[in-house]
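Asks: Copying in the features that TrEMBL gives for the protein in this structure:
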- 1-24: region 'Disordered' (REGION)
- 7-22: compositional bias 'Low complexity' (COMPBIAS)
- 47-461: domain 'Major facilitator superfamily (MFS) profile' (DOMAIN)
- 47-73: transmembrane segment (TRANSMEM)
- 85-108: transmembrane segment (TRANSMEM)
- 120-138: transmembrane segment (TRANSMEM)
- 144-164: transmembrane segment (TRANSMEM)
- 185-209: transmembrane segment (TRANSMEM)
- 221-240: transmembrane segment (TRANSMEM)
- 274-293: transmembrane segment (TRANSMEM)
- 313-330: transmembrane segment (TRANSMEM)
- 339-358: transmembrane segment (TRANSMEM)
- 364-383: transmembrane segment (TRANSMEM)
- 404-426: transmembrane segment (TRANSMEM)
- 432-453: transmembrane segment (TRANSMEM)
Amino acid sequence: MSQPYETAPAGAGATSGHTSASEVHHPEANAAATTAMPGASANYGRVVAASCFGTAIEWYDFFIYGFLAPIVFDRLFFPQLDPMAGMIAVFATFAVGFIARPIGGIVFGHFGDRIGRKSILLFTLILMGVATTMIGLLPTYDMVGMWAPVMLVTLRFVQGFALGGESVGGLLMTVEGAPAHLRGLFGGLIQAAGPTSIVGASLAIVLITRLPEDDLLTWGWRLPFLVSLLLVALGTYVRLKVEESPSFKAAEQHRDIAKVPVAEVITHYWRPTLVTFFICLAETSFFYLVAIFSLSYGTKSLGLPRNTMADGVLYANILAMLTIPAFGMLSDKLGRRPMFLMGLAATAIFIYPFFLMMGSKETALVVLAIVIGAGVIHPMMFGPEGSFFSELFDTRVRFSGVSLGKQIGTVLGGGLAPMIAASLLAWSHGQIWPVIVYFLILAAMALISTVLVRETKDRTL
């Protein structure tokens, strides 16, 4: 079968992207873990449902902040700053959640590879729900002064820490139990939990932004955060009903468990980790420029109505709920690399027309730009991403390896992209070309990384 990398040194455990230790020494267990059809197991159906539902809840909690931040948080938590500085401060607090993700990824990745995926998913879901609910109860700057942004940043950090484990754990629970020829599809279904949650968050934003300004700033902004408490309670109940990942159970049965997974990743799996990093760097940057930065750029710099921007994000993610699993399924036929290469090429081509369409200030063109970017082009990469990254690593370090590359790439890409874009916009006195150049550099690095890795879709997990 085609393998992305050469074997690791003897004694180093499974090789990065090569045949795992459990596959070499216990092929019958590995085959049993990877050939069972989802329809033959009621538990697998519960795993998919629980993973999708729980992941959607956590992404809802994470994204509701991103949508509200550029609309009201500068006035609620940073009123002492001028509008441009306030926008940068808001995106800085947004980035804090992303900075926490690699830390959460390392911590939860370690325990996910050591004790299993299920217990980690339960803990991260509860942790995220508590942090999100507490944001909805925070006092504002006018109430407690500087303590307000301090508490906001702290809770945002907790959100990111929890998501660092959730975003990979739910994916692995599903992909590791799927048959090889359907991993792209089922991985895409988990990835589609992201836009599903964004649709929920967008609907909440569409509703509350129609409130009178005073009501929005007084109590309306709190409602989407407080809803999280009920969602998390339901998600916890669902996740309690599922069993552990079959790949992890097989590794545990044959004692193929890494003692310090992250150390093994850094020592012997650094190449697939770098590939994961560079792809995430470009993919998340593109999405957050289109879906998050554009909200602030459109309302603050172009004077577009808040409703127009929120509606564009809503329509894009409704479409993405379908296109993400569709492109994941297509990668089962064409391969992961071709889908990523097409997606990266499309982002590089579309980034300039995107800002031209935004600059037209025509409602239809603005909405169409967001829909094409976040609803069609981004899913070309995001759909096959889950299965692709999972196939680059072996079971013993898969949670840690995917987490490390994905979360660091997401921090430097998605987390910092809105803040960097806002800073470049301020530096250039409103000109958009530095933002375009910034993204094209990221896309080029991801393109090179994708070209250098071999196809993985036929690999046995």
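Every residue gets a Cβ built from N, Cα and C, even glycine.
Owing to the predicted nature of the structure, the values given are computational and were not obtained by experimental measurement.
I'm curious about the neighbourhood of these features; can you describe it?
Replies: For the transmembrane segment (85-108), the list of distant contacts is 62, 65-66, 69-70, 73-75, 77-79, 120, 123-124, 149, 152-153, 156-169, 262, 292-293, 296, 300, 399-400, 403-404, 406-408, 410-411, 414-416, 418-419, 422-423, 426: same-chain residues at least six beyond its ends, Cβ to Cβ under 8 Å.
Same-chain residues lying 6 or more positions outside the transmembrane segment (185-209) and placing a CB less than 8 Å from one of its CB atoms are 38, 48, 51-53, 55-60, 63-64, 67-68, 71, 170-171, 174-175, 178, 216, 220-221, 223-224, 227, 291, 306-307, 310-311, 313-314, 316-318, 320-322, 324-329, 331-332, 382-387, 390.
Remote same-chain residues near the transmembrane segment (221-240) are listed as 46, 49-50, 53-54, 57, 60-61, 64, 68, 72, 76, 118, 121-122, 125-126, 128-130, 132-133, 135-137, 201, 204-205, 208 (criterion: CB distance under 8 Å, separation of at least six residues from the stretch ends).
Away from its own ends, the transmembrane segment (274-293) comes close to residues 4, 66-67, 70, 91, 94, 198, 313, 316-317, 340, 343-344, 347, 351, 354, 369-370, 373-374, 377-378, 381-382, 385, 389, 392, 401-402, 404-406, 408-410, 412-415, 417-418, 421-422, 435, 439, 442-443, 445-450, 452-453 of its chain (Cβ-Cβ under 8 Å, at least six residues beyond either end).
If one looks beyond the transmembrane segment (313-330) by at least 6 residues along the same chain, the residues whose Cβ comes under 8 Å of a Cβ in the stretch are 67, 182, 184-189, 191-192, 194-196, 198-199, 202-203, 206, 290-291, 295, 339, 343, 367, 370-371, 373-376, 378-380, 382-384, 386-387.
Listed by sequence, the residues of this chain that lie at least six past the ends of the transmembrane segment (339-358) yet keep a Cβ under 8 A from its Cβ atoms are 279, 282-283, 286, 289-290, 294, 297-298, 302, 327, 330-331, 365-366, 368-369, 372-373, 377-378, 380-381, 383-385, 388, 432, 435-436, 439-440, 443-444, 446-447, 450-451.
Sequence-remote contacts of a segment are chain residues at least 6 beyond its ends whose Cβ falls under 8 Å from one of its Cβ atoms, and for the transmembrane segment (432-453) they are 4, 17, 272, 274-275, 278-279, 281-283, 285-286, 289, 337, 340-341, 344-345, 347-348, 351-352, 355, 359, 392, 413, 420-421, 424-425.
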Asks: Where else in the chain does the transmembrane segment (120-138) make close Cβ contacts, counting only residues six or more beyond its ends and a cut-off under 8 Å?
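Replies: Sequence-remote neighbours of the transmembrane segment (120-138) are 51, 54, 57-58, 61-62, 64-65, 104, 108, 111-112, 148, 151-152, 155-156, 158-159, 161-163, 165-166, 169-170, 173, 222-226, 228-229, 231-233, 235-236, 239-240, 399.
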